[in-house]
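Novice: Here's a structure for you.
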Amino acid sequence: MDLKDVVKKLHEFAPLQLAEDWDNVGLLVEPSPPHFVKSLLLTNDLTEKVVQEAIEEDVNMVISYHPPIFKPLKRLTSKSFKERIIVKMIENKIAVYSPHTAFDAIKNGVNDWLASGLGSAEVEPLQCSKGSGSCRYKVVTGIYKVLTNQVADSTSKLQDSLKRLNGVDRTEVEAATKPDGSAKDIISVHCTETGLVNIFQLLTSQFPETVSKTEVIPLAQIPLLGTGQGRLCTLQTPVTLSELINRIKNHLNLKHVRLAVAHASISELTDPLHSHVQTIAICAGSGAGLLQGTKADVYLTGEMSHHEVLEAVSNGVHVVLCEHRNTERGFLLEFKTKLNGLLEGKVNILVSSHDADPLQVV
């Protein structure tokens, strides 16, 4: 299957515009075309061990959840492991693609997979994704009778001129009367950022009397329901903190997690593990920035700093930390099945056996 076709299918599954602005997603290493993909490898992190595995398995592409190129590389030498990884991939003509936060945002993506282990619940994004496209504006101006005796002619001329501008979608005209009895035509225009510049150039040159009375209204992009970063899970039935932790362990196949108990639950008379919880705010990976300030009984994520945990528990929120990779990698097995369907079984799909958390509990 041609690499371009594989990338197209990946874009359809997880549009890159859903990724965070700071992220580096998409096709990061592209061998000289034409490049055909017969076999590909899925991994959470593209480490040197995984690179060697990809070479030995003779794959043509690696989909690495975390982008191996994040900060700009000024050179490609053998001095750093990041540089060595990219050099090896180029030498062996292996394409590299990273979806990262696009996978987090999509419906039935990483965060929804993480939420699925908590039990029957109502699930919604903590931060909803917005529709694609550039910024859009509504421009409102007017032609006043006190400025011209030919209101209709001036309005028609302005409307026709606006319609011919690049970046203008539509114009609307509404007749109105001011409190002093003077007439005016209100002209509303929907446009892009480019159109906004063109509109003011037109007004300034041909209708200067309207400029000071023109209003610009930024238009919000339509939210994409069900997509976005993080998830807020409201369980249908409250459970004890102990039961919730057991569900998390079973879902992530972990023997241990780290727990910080909310200060409000600490009592000499009761065991905090027996307290009931119902709302869980989750974020795969490192979720402190997204979770901060969210009203929930529990925060579930991979990692948070010492001071971020202190702030959460002081605000009455339990914190469950499962380590960064553990909240993400399990999705790869689910994604393998979905990807096989997307590619119509034309590509052999492997999940890395050398992709491992660098931290161990000893």
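Here the Cβ of each residue, glycine as well, is placed from N, Cα and C on the backbone.
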Novice: If I go by TrEMBL, which of His66, His274, His276, His354 binds divalent metal cation at the same site as Asp104, His324, Glu328?
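Specialist: Candidate listed by TrEMBL for the same site: His66.
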Novice: Ranking the binding-site residues Asp104, Glu328 by other Cβ atoms within 10 Å, which is at the bottom?
Specialist: Glu328
Novice: Give the sequence-ordered list of residues that share a chain with His324 (divalent metal cation binding site), lie 6 or more positions from it, and have CB atoms under 8 Å from its CB.
Specialist: Gly285, Ser286, Gly302, Glu303, Asp357
Novice: Would you list, in sequence order, the residues of this chain other than His66, Asp104, His324, Glu328 that have their CB within 8 A of the centroid of the site's CB atoms, where the site is the one recorded for divalent metal cation?
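Specialist: Leaving out the recorded residues gives Asn44, Tyr65, His100, Val110, Ala284, Gly285, Ser286, Gly302, Arg325, Thr327.
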Novice: Just counting, how many other CB atoms are there within 10 A of the CB of His66 (divalent metal cation binding site)?
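Specialist: Excluding its own Cβ, the number within 10 Å is 19.
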